[in-house]
Amino acid sequence: MAGFDPTLQPSDDRGHLLTEQSNPRSRRLDQLATNDLVNLFVEEDRRPQEAVAEASEAIAAAVDAISKRLSSGGRLFYLGAGTSGRLGVLDAAECPPTFCSDPELVQGVLAGGTPALLRSSEGLEDLEQAGRDDLDRHGFRQGDCLVGIAAGGTTPYVRGGLSYACSIGALAIAMACVPKDQAPLPCDIDIRLLTGPELLTGSTRLKAGTATKMALNILSTTVMVRLGKVYGNRMVDVAASNSKLVDRSLRILRDLIGVEREEGLALLALSDGSVKLALLMKAANLSKDQARSVLERHDQQLRPSLETCGATLAQL
């Protein structure tokens, strides 16, 4: 257990925040039978989905704004401390294998850096300047997008990052789990996931964390759909970087162009592992270079590329 630092000053009283309030359903939490404990958590975990649904309009606005910037060469950054920051890092890390995106395209910036993935970063989240400095260190610029994640909406590290994004003309998106009037944040788009008081008072890794993960899943996936990395419901830009993903790539080829595994493997070898390229090559009878040129003309969008060539894939 970390020792107490007697010089550390408390923050302003945060008891008014929705995420810090006591949940009346859990006031006897330590007295409940195990089955009742589990059932209570299950019941409360319905709320994150409702909170995300209530924020759908703001999330959609963020998707469109981010997609526009990324299409013009911008990048997406998640910034946060503790659970919020770790969730951003997790979502960013999943983009390259799922969508074959450049690791620079979606980045997670966590207060305290990589060590804070495993251990808390005491003190760093309390500094607005640290948020600015970390973004600057990552080369954050005007054409980029920032999602600043802070469950309680008061984290100085995140506030500093959002202020910096606003000051340079980057897209600033706030994501918090308290009402705007309790913790206003500098931003262009404000996403509020109002999950209510936690069963364990103040432990925002619970409902707030769940809602945040859901919102980030939706945000990154729908942005990638807009960028043309999906055809139907298939991840046609999947990076075949392990045995499981090679198998998934082969099944996508089988389902969309009817090739069996041996021919699928040969197509992947010809297309340098690109499922999207392999699909267009086979469906339109093109060489790799020809297919690549068509995709480039259509901003890597498979559907219009197929239409240009008069080719079709199987109906899903």
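Any Cβ shown, glycine's included, is placed from N, Cα and C.
According to Swiss-Prot, the features are:
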REGION    1-23  region 'Disordered'
DOMAIN    66-229  domain 'SIS'
ACT_SITE  GLU94  active site, proton donor
ACT_SITE  GLU125  active site
Euclidean distance between Cα atoms of GLU125 (active site) and GLU94 (active site, proton donor), Å = 24
Task = Among the active-site residues listed here (GLU94, GLU125), identify the one with the smallest other-Cβ count within 10 Å.
result = GLU94
Key: pLDDT averaged over every residue in the domain 'SIS' (66-229)   = 96
